[in-house]
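Q: The structure under discussion is supplied below as structure tokens; questions concerning it will follow.
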Amino acid sequence: MSNLSTHAAQTARRYSVVPRHPRPGAIVVVSAVLLSLLALLPLGFVIGVAFETGWQTVKALVFRPRVAELLLNTLLLVVLTLPICAVLGVALAWLTERTTLPGRRLWAVLATAPLAVPAFVQSYAWISLVPSMHGLGAGVFISVLAYFPFIYLPAAAVLRRLDPGIEDVATSLGSRPPAVFFRVVLPQLKLAVCGGSLLIALHLLAEYGLYAMIRFDTFTTAIFDQFQSTFNGPAANMLAGVLVLCCLGLLLLEAISRGRARYARVGSGSARSQTPRRLSPPLAALALLLPIALTALALGVPFITLARWLWLGGFEVWRNAELWPALWQTLSLSAAGALLITLCAIPMAWLSVRYPARLYRVLEGCNYVTSSLPGIVVALALVTITIHSFRPIYQTEITLLLAYLLMFMPRALINLRAGIAQAPVELENVARSLGKSPAQALWSTTLRLAAPGVAAGAALVFLAIANELTATLLLAPNGTRTLATGFWALTSEIDYVAAAPYALIMVALSLPLTWLLYSQSKRTAGL
């Protein structure tokens, strides 16, 4: 009996040094809290400026015809663009995932590829081809070509993992194929379409270069013009406040439309593999028109336009003295930003996965709310704050990197969460019970398993910074020129030939992002 007690005591002591759910370290918690409070800086700035300005001034600046015009433009842009993107994205997802469309795997990759072309490069391609493209119609057309993959990707992922048995049951009960699609399949695409639509809508509100190039006024272009022309703080800040309200309204609307509905397969057995719906030759030829048309418009026109300008410019365009320094500046800023943001995201991701308490979920949510705000709002907040309170860092790389941190933290956070979730705490505990130190256990289990998620998050941040235009224009130090700002300066001078190499390099840098997003969507579907 005593031997058994002694053995039990030794076992208890051995495992007591490896608690299953230890408390998070103070440094981790404090870091997460400080970063989350920092993330609320732009939102707090807008609210603070509104209170400081006073109701009478706010009313005079907000309730005027110009703001009504901008609001109408924004609403029309969103209301017209989203349904078209939804129809095209879902239709293309259905054709590539659930039918025998010829070359459907190739079309699936090409449907993602427009994300490699920055929206302002897409606009540059079309405006240089059709100089008369201006206004709302042009804005909707180019926005659809630039952003429809944001609905295609999640819709395709859902269709890949959807159990076809559900559709078979509906068919056996007498429903015809169109009724099966609208009553069975489409409701299960609701979450994907709502999420993709929200992402597109936020891009529409935040985009500057696309709409400035086609001379279509939105809140972002108006704020930038106000800031550049008169440095009128109150007017620009009030426009930013209205823009923030629009973004928060979109978040609320998406949450309401999404509802609490969730879809899951229940019952015994596993979902059977899908059998693509066979298309007859005439129907297949007709169905091919959609991916061919979208590929030609979203990819063919930009690449043909770039090839044309590069051909006209010859080798001289590559000898531009500012091109290669701009590439180096872009790579260095992107690398520094990716490293900084990934390191800053680790504490929050760690707490979110290992200690999913309500407080930590709220802290994590602060970062997502801020990332929904347009870059122009973040930049305007940092410009005003640094001028008034931290003048030494105004228009320095510190402020620029801080803006990137506020804007792109969720891109690293989401991937870090997924990576850390691949390394359950039990594996770390087992390693420590086998004699490894906490640091060795962390390195040999958690960090190794989380490495792909860390790398994916850093890559997404790197590529986002490489193509960022609006905040960089406002915050970059004097003399700093990235590929995006260099491209913008040349297109503003109507020097489309000299701008072509900048655009081509940005597209080349974005191609890995396209492949990464496509691969992630396949992994999400379990393929």
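A Cβ is built for glycine as well, from the same backbone N, Cα and C atoms used for every other residue.
Straight out of Swiss-Prot:
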{"type": "REPEAT", "residues": "10-15", "note": "repeat 'Type-1'"}
{"type": "TRANSMEM", "residues": "27-47", "note": "transmembrane segment"}
{"type": "DOMAIN", "residues": "71-254", "note": "domain 'ABC transmembrane type-1 1'"}
{"type": "TRANSMEM", "residues": "75-95", "note": "transmembrane segment"}
{"type": "TRANSMEM", "residues": "107-127", "note": "transmembrane segment"}
{"type": "TRANSMEM", "residues": "139-159", "note": "transmembrane segment"}
{"type": "REPEAT", "residues": "167-177", "note": "repeat 'Type-3'"}
{"type": "TRANSMEM", "residues": "191-211", "note": "transmembrane segment"}
{"type": "TRANSMEM", "residues": "236-256", "note": "transmembrane segment"}
{"type": "REPEAT", "residues": "274-280", "note": "repeat 'Type-1'"}
{"type": "TRANSMEM", "residues": "284-304", "note": "transmembrane segment"}
{"type": "DOMAIN", "residues": "327-517", "note": "domain 'ABC transmembrane type-1 2'"}
{"type": "TRANSMEM", "residues": "333-353", "note": "transmembrane segment"}
{"type": "TRANSMEM", "residues": "368-388", "note": "transmembrane segment"}
{"type": "TRANSMEM", "residues": "396-416", "note": "transmembrane segment"}
{"type": "REPEAT", "residues": "428-438", "note": "repeat 'Type-3'"}
{"type": "TRANSMEM", "residues": "449-469", "note": "transmembrane segment"}
{"type": "TRANSMEM", "residues": "497-517", "note": "transmembrane segment"}
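Provide an account of the burial state, proximal residues and distances for the features listed.
A: With a threshold of 8 Å between CB atoms, the same-chain residues lying at least 6 positions outside the transmembrane segment (27-47) that come near it are 237, 240-241, 244, 344, 347-348, 350-351, 360, 363-364, 366-367, 369-370, 373, 377-378, 380-382, 384-385, 405-406, 409.
Nonlocal intrachain contacts for the transmembrane segment (107-127), taken as residues 6+ away from its ends with a CB within less than 8 angstroms of a stretch CB, comprise 92-93, 95-97, 101, 133, 138, 141-143, 145-150, 152-153, 156, 203, 207-211, 213-214, 291, 294-295, 298-299, 301-302, 305-306, 467, 469, 484, 487-488, 491, 496, 499, 503, 506-507, 510-511, 513-514, 517-518, 521.
Taking Cβ pairs closer than 8 Å, the repeat 'Type-1' (274-280) reaches residues 97-101, 104, 160, 162, 164, 287 in its own chain, all 6 or more past its ends.
Same-chain residues lying 6 or more positions outside the transmembrane segment (333-353) and placing a CB less than 8 Å from one of its CB atoms are 24, 27-29, 31-32, 35-36, 360-361, 363-364, 367, 397, 400-401, 404-405, 408-409, 411-413, 416-417, 419-421, 454, 457-459, 461-463, 465-466, 482.
Panel annotation: around the transmembrane segment (396-416), residues 35, 38-39, 41-42, 333, 336-338, 340-342, 344-346, 348-349, 352, 364, 367-368, 370-371, 375, 378-379, 382, 386, 450, 453-454, 456-458, 460-461, 464-465, 468, 471-472, 475-477, 480 of the same chain, lying at least six beyond its termini, place a Cβ under 8 Å from a Cβ of the stretch.
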Q: For the transmembrane segment (368-388), could you work out the same-chain residues 6 or more beyond its ends whose Cβ comes under 8 Å from its Cβ atoms?
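A: Tertiary neighbours of the transmembrane segment (368-388) are 39-43, 45-46, 49, 202, 205-206, 208, 219-220, 223-224, 227, 233, 236-237, 240, 243-244, 247-248, 250-251, 394-395, 399, 402-403, 406-411, 468, 470-471, 474-475.
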Q: Among 139-159, 191-211, 449-469, 497-517, point out the range having the most Cβ pairs under 8 angstroms from the transmembrane segment (284-304).
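A: The stretch I would name here is 139-159.
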Q: Counting Cβ pairs closer than 8 Å, which of 139-159, 449-469, 497-517 has the most of them with the transmembrane segment (191-211)?
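A: Out of the listed stretches, 139-159 contacts the transmembrane segment (191-211) most.
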Q: Within the same chain, where does the transmembrane segment (139-159) have neighbours whose Cβ lies under 8 angstroms from its own Cβ atoms, ignoring anything closer than 6 residues to its ends? I mean 6 or more beyond.
A: 77, 80-81, 84-86, 88-90, 92-94, 96-98, 108, 111-115, 117, 119, 122-123, 126, 133, 185, 188-189, 191-193, 195-197, 199-200, 203-204, 207, 210-211, 214, 216, 294, 297-298, 517-518, 521-522, 524-525
